[in-house]
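A.B. asks: Dropping a structure here in structure tokens format, bear with me for questions.
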Amino acid sequence: MKKIIEWTIILLIFGGITLVGNMIGYQIYSPAAVPGMLILIAIALLGMIMEEYIPVNIPAVGYIALIGIIVSVPWFPGSGVIVEWTSQIELLAITTPILAYAGISIGRNWTDFTKMGWRAIVVAILVFIGTFLGSALIAEVILRIQGII
């Protein structure tokens, strides 16, 4: 029960930061944004609880994605309202606090990161470059096929 309370507090903090980012960065402040964020928090919390208590080795992200898909399909009762409310939240407004938390987490484990040595940094840089170039190449091909460029 203590874990669930901690998760709820953390998710509410992230939700509040996301709503502020949504309002400042995207000038989206509508009454529908608050219930939309509460729905996203409930989905995330339910997925984390399922991962904790269901004895199948599926990560919480899998449960969260499954719940999100189920509640947004057209035949799910209330899916129209759920989709309308959650569409008031911009994706980048959500990713900003998550990436900030990831950065803090890496910062806390900086000594472990430095123990990997310079080779790990070179590999990480090459992975980033490869991912960027691969994405750019795929986008270029798709846009040329569609005749956009």
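In case you wondered, yes, glycine gets a Cβ from its N, Cα and C as well.
These came from TrEMBL, pasted as-is:
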TRANSMEM  7-26  transmembrane segment
TRANSMEM  32-49  transmembrane segment
TRANSMEM  56-76  transmembrane segment
TRANSMEM  88-106  transmembrane segment
TRANSMEM  118-143  transmembrane segment
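How buried are these features, and what lies next to them?
C.D. replies: Long-range contacts of the transmembrane segment (7-26) within its own chain (CB-CB distance under 8 A, at least 6 residues past either end) are made by residues 33-34, 37-38, 40-41, 44-45, 48-49, 88-90, 92-94, 96-98, 101.
Counting residues 6+ beyond its ends, the transmembrane segment (56-76) has Cβ neighbours under 8 Å at 39, 43-44, 46-48, 50, 82-83, 86 in the same chain.
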A.B. asks: Please check if the transmembrane segment (88-106) comes into contact with the transmembrane segment (118-143), where contact means 3 or more CB pairs closer than 8 Å and the residues in each pair are separated by 6 or more positions.
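C.D. replies: No, the stretches stay apart by this measure.
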